[in-house]
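Q: My questions all concern the structure below.
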Amino acid sequence: FTLWGAEAEGGWSSREEQLLLDAIEQFGFGNWEDMAAHVGASRTPQEVMEHYVSMYIHGNLGKACIPDTIPNRVTDHTCPSGGPLSPSLTTPLPPLDISVAEQQQLGYMPLRDDYEIEYDQDAETLISGLSVNYDDDDVEIELKRAHVDMYVRKLKERQRRKNIARDYNLVPAFLGKDKKDKEKAPKRKITKEEKELRLKLRPLYQFMSCKEFEDFFENMHKERILRAKIRELQRYRRNGITKMEESAEYEAARHKREKRKENKNIASSKRGKEEGKEGEFAAIENLPGFELLSDREKVLCSSLNLSPARYVTVKTIIIKDHLQKRQGIPSKSRLPSYLDKVLKKRILNFLTESGWISRDAS
């Protein structure tokens, strides 16, 4: 017999109704394929769904059993206001606009906005083994809460680092895309001093957004320009200039004055070099016989601290003995007593190199 009478469509028997109720309890609402198999091969999943919805939900039985307003007795423990373990804590950023090859290079998963290796990769071990048991005492519960708090702080640090990397375009810089962007939009040329200042200010990146930092840096640049301009105006004022029209004439005169001063310094440096060249023979230039020496002989006498007259005497004796030996005449001259072995050797080497005497004679 039919349970619902003439109002039921499809001619459902009471046995099929009983099997349908058993199936909805066993497989759950929505699993129409398994419910149809349980009811019998004569019923399709679509027929099962339509019959259950029309008879047991929208029908008289549903109106009598299901209230119009269902009170929400479920407490939301996800803390959407930003509390611990809130979904808003680590809300994924929009995925990076990079190619598949670049994603593989970074180990980046765009749909989750995660990396294969995150900051503090082992942070999940803090809570992976946690469980709340009915026999836990207060100390154990507080210890587990402390672990959760530590884990939440690590999640916040991960998100903060991702935000900084996204804000300062660190990923395009790593992939080499920032060079192309710089070529497209040339900015003001940054000096070496400004680059060094940027390096010193780099720790401030974590406290400021990219735009805030750029504005801060540009304002510092403007401040340096204004300070330089103020110093220039103060210099004009000290020199009696009160109008900007007079400053151009003053700058031209100052430029000429500095040019003359620079030329004067160059001339004096050249003169000093020439005087220094003559001054290296200052110890012997006033002694007799200095004008008889060549430049090389002057250097030799100056280095040996030997007077020109004594050098000429030694040179004459050595050359005379050399000529007598070449003619087969035995030499009878004696070298002066002030000529020691070191001086004699230095003078002989010099005369040999100059070609005054042969090497075998020396």
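Just so you know, glycine gets a Cβ as well, placed from its N, Cα and C.
Annotation source TrEMBL lists domain 'SANT' at 7-60. According to TrEMBL, the domain 'Myb-like' annotation covers 9-56. Taken from TrEMBL, the feature region 'Disordered' applies to 247-278.
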Q: Need one number: mean pLDDT over the domain 'SANT' (7-60).
A: 87
Q: What are the helix, strand and coil residue counts for the domain 'SANT' (7-60) according to DSSP?
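A: The domain 'SANT' (7-60) comes out at 37 helix, 1 strand, 16 coil.
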